Amino acid sequence: MVDLESEVPPLPPRYRFRDLLLGDQGWQNDDRVQVEFYMNENTFKERLKLFFIKNQRSSLRIRLFNFSLKLLSCLLYIIRVLLESPSQGNEWSHIFWVNRSLPLWGLQVSVALISLFETILLGYLSYKGNIWEQILRIPFILEIINAVPFIISIFWPSLRNLFVPVFLNCWLAKHALENMINDLHRAIQRTQSAMFNQVLILISTLLCLIFTCICGIQHLERIGKKLNLFDSLYFCIVTFSTVGFGDVTPETWSSKLFVVAMICVALVVLPIQFEQLAYLWMERQKSGGNYSRHRAQTEKHVVLCVSSLKIDLLMDFLNEFYAHPRLQDYYVVILCPTEMDVQVRRVLQIPMWSQRVIYLQGSALKDQDLLRAKMDDAEACFILSSRCEVDRTSSDHQTILRAWAVKDFAPNCPLYVQILKPENKFHIKFADHVVCEEEFKYAMLALNCICPATSTLITLLVHTSRGQEGQQSPEQWQKTYGRCSGNEVYHIVLEESTFFAEYEGKSFTYASFHAHKKFGVCLIGIRREDNKNILLNPGPRYIMNATDTCFYINITKEENSAFKNQDQQKKSNVPRSFYHGPSRLPVHSIIASMGTVAIDLQDTSCRAASGPTLSLPTEGSKEVRRPSIAPVLEVADTSSIQTCDLLSDQSEDETTPDEEVSSNLEYAKGYPPYSPYIGSSPTFCHLLHEKVPFCCLRLDKSCQHNYYEDAKAYGFKNKLIIVAAETAGNGLYNFIVPLRAYYRPKKELNPIVLLLDNPLDDLLRCGVTFAANMVVVDKESTMSAEEDYMADAKTIVNVQTLFRLFSSLSIITELTHPANMRFMQFRAKDCYSLALSKLEKKERERGSNLAFMFRLPFAAGRVFSISMLDTLLYQSFVKDYMISITRLLLGLDTTPGSGFLCSMKITEDDLWIRTYARLYQKLCSSTGDVPIGIYRTESQKLATSESQISISVEDWEDTKDAKEQGHHRSNHRNSTSSDQSDHPLLRRKSMQWARRLSRKGPKHPGKTAEKITQQRLSLYRRSERQELAELVKNRMKHLGLSTVGYDEMNDHQSTLSYILINPSPDTRLELNDVVYIIRPDPLAYLPNSEPSRRNSMCKAPGQDSREETQL
């Protein structure tokens, strides 16, 4: 045991406070060894190398000193030439010997000693084992030639006047300058410093050539014309510029030979320098250089970060950004990792853009590139996603990284980010403004099914326009439509406003109505000074405060408007019923409520949100005078306000008790228990009490719960809404929620069918023949085509097929490129479409940003492009509230007390109102609704297309029937020209079959022949649409579906629809007009007891059942 204990090593001594102060000195008695690192750098040579070469600051000082010595030696040579008296005679001794004073000799010897010592020292420090490599270097040889003769003359005084070509030190000065600039720009980006170095090298090379030639000619001509330095300079400039006057020429053969040598050197050296300079210039043009720090501190600029820059994206951004007057002095710096496109380069060379747009090739993930763009001094940074990528999630990931990089580099720079997928939005919550493409896209598609052409309404509101589009058109609807498209959303503080200052202390609806009546502006929203939330139409109970921010729709903002009273406007011959610019607002007729006694208080029942009616007053209908409307009260009267308690579903009182019980058992109102992604706004909507099994969601397959295999078998009471999409992404949530919003009556909820593939059989099974709307979402897999504009090819052709097969179906389509909207419902021989195409080209030539607005599918709201909403992000730089207002209008956000967008249709019972101003008063006085526009449909005599032309017998008759052929030939001349290639193959085969039947002689020439003739004529006279209808019906019969309800001849091609945003108050209402209205939030006017009832109702099933509630 003793031996074992003796083998255990002793414990180390405990550290004491004295050891901490004096250090542990016990290591001297230990076996530990102290090791010093990097001993190789402590040698004398390494220290010298660190001082002369490695250290940037000291090396720069040494090279600057060397450069100064070389310049001093050249200066001493010039002084020696100027002080020297002209030599007499033409002896060769004047070439080898000069007159040099003693002080000058002493200075030159000192410079030579220092230069030679420095050269030898640097050669020793850079020695790497090959002595000849150091000796045969041109700088070393020149140093020996210029320094050694002066050092020898110290020991041999007779050589003090020996000629030494000291002027060659200019090349050593050039070499020192290059090394000095390299040290100076060692920490700067290579392309930037290389460009500067190359320009400097070229200039210094030219100077060295000229200086060498001047000094050489002057010295060699000492035995000739005895030229001075100025004459030599004149000769060199004339010679190198290839002018050659000939008044000064060298005489001696030595000087001539020297001139030839210098010209040869220039021909070899200068082209190499110019080539390198041109190459670097081209590389810099590709990379874009940098945005100067001085300009960034004196001028304002924004940065646009994109992964790939297309010409359409660039022009949309520039046109919208510079449409605002206060942004005219801003610079736009584009930071893109790819090389500039040819079209983009051509556009940026236009003087209008070349002075304000700077293109930088670089990545936002590199701090060097962000520094080049001066991101820390930028007013804003726009980060856009590439929607043409196959993998849109990957595109979002790149956008997120760019946003993180910019936020890390410039935390104070405002960020405006565009994201594609809603599930990626929470990664960039720190951004100041975010636009999620799929959220807006699906919300607009959903609202298009409820409020027609909502996509067109939003698109026109977020585009900057002066309302000059279509004013040169001969058609009235295009003038009115184009003029109203100039309306935008603006803001102003109430106490600073001429429009709204007089309505302080009055209700919101009173201010909205009277501002529209007096100035023609539409007040749509308000924001408290102490609250960031915007309230759309807070209702008649909201009292206006002086510090409130008012949001209104008008042609231009109030600051750019001039005001005229009625007397001034009567003197001017301005029509009252039209807008003619921001300074010519209309003076309207007096509304009938003034000066009348009868007051209409009808229509006190709660109306449906989608289709309210304004009934005719019973008292005024018997009188001759115009029916009167209740005045809008300054302060709301609780008894006169119609509050719709949507929780109790008073809109469904017309249903039978059994239906009401069944509906109440099926639906409930509440918030969706599950959110598909982080950041989605909770929306109060209709929910099911019980969760539907997943197997029952398949419409075309039966399960154990039901045996239905098509939409017809379900027996839906309302028409379907079919969504044709490639995948069921999270963005589809924003399509379902607006269609299930709480303010929509249960009896008007449309079934939603998601169609992930759309062959004809699936379309027929899902009930396309009796659907209200079909929404076609652009396919993500086709967005990345070889040709950009071909990304919509598959969607366009599929929609065209649906349009031909189901002409009465309302199809709403989303495209990638706005330019492709002209192919929707395409008719090759439609004269009216061709006229609209010419109008679009003219508007584009006039510089309009909305040249596509007159296309009938876009004006009617049947097609839109999500890229048109890029302007929403650009506008938010000037109007930071535009994204919030747009989200409220689309139902993406719900703020307590804020209204919602809905529509009502003008029926025959509503035409007594007559004008838009009276409708405004009627809505404000009765329900507190605020109208913002009209969707109007007019009948139009369109040109006959080839699809509407029936094929007559004469076109296919045999030449044997001369009489019939001659009889119908004249009719054929009058019909629309169409060759046989326009007719489908099915019709051609049927014609051939009928002709073969006619050639066969009938066995019984009685009734059989007549029957065959009638069949033959019916086959000939079938139109293309009839054949398509027969094809669809046959397919439906094959699938076992009923053909009842398929109306193949119902077509809306003879009508056109368009939107009037904030029309003139004198605008006449027409039958079937759809009025866009912002209705106040019904939940804001419930009594105090209602919230408890609502909460109890929503929580009645308990916490367990809440998870089973679903849309």
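Each Cβ is built from the backbone N, Cα and C atoms, and glycine gets one as well.
Nobody curates TrEMBL annotations by hand; they come from automatic prediction.
In TrEMBL this protein carries:
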- 299-435: domain 'RCK N-terminal' (DOMAIN)
- 954-986: region 'Disordered' (REGION)
- 1086-1111: region 'Disordered' (REGION)
- 64-83: transmembrane segment (TRANSMEM)
- 103-127: transmembrane segment (TRANSMEM)
- 139-159: transmembrane segment (TRANSMEM)
- 199-217: transmembrane segment (TRANSMEM)
- 258-281: transmembrane segment (TRANSMEM)
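Beyond the ends of the transmembrane segment (103-127), by six or more residues, the same chain brings 45, 48-49, 52-53, 62, 66, 69-70, 72-73, 76, 79-80, 83, 134, 139-140, 143-144, 146-148, 150-151, 153-154, 160, 164, 166, 172 to within a C-beta distance below 8 angstroms of the stretch. Per-residue pLDDT, averaged across the domain 'RCK N-terminal' (299-435), gives 90. A Cβ distance under 8 Å defines the sequence-distant neighbours of the transmembrane segment (199-217), meaning residues of its chain 6+ beyond its ends; these are 74, 77, 81, 165, 167-168, 170-171, 174, 177-178, 181, 227, 229, 232-233, 235-237, 239-240, 250, 255, 258-259, 262, 265-266, 269-270, 273-274, 277. With a cut-off of 8 Å between Cβ atoms, the residues of this chain six or more beyond the transmembrane segment (139-159) that come close are 73, 105, 108-109, 112-113, 115-116, 119, 123, 165-166, 168-169, 171-172, 175. Across the domain 'RCK N-terminal' (299-435), the DSSP tally of helix, strand and coil residues reads 59 helix, 28 strand, 50 coil.
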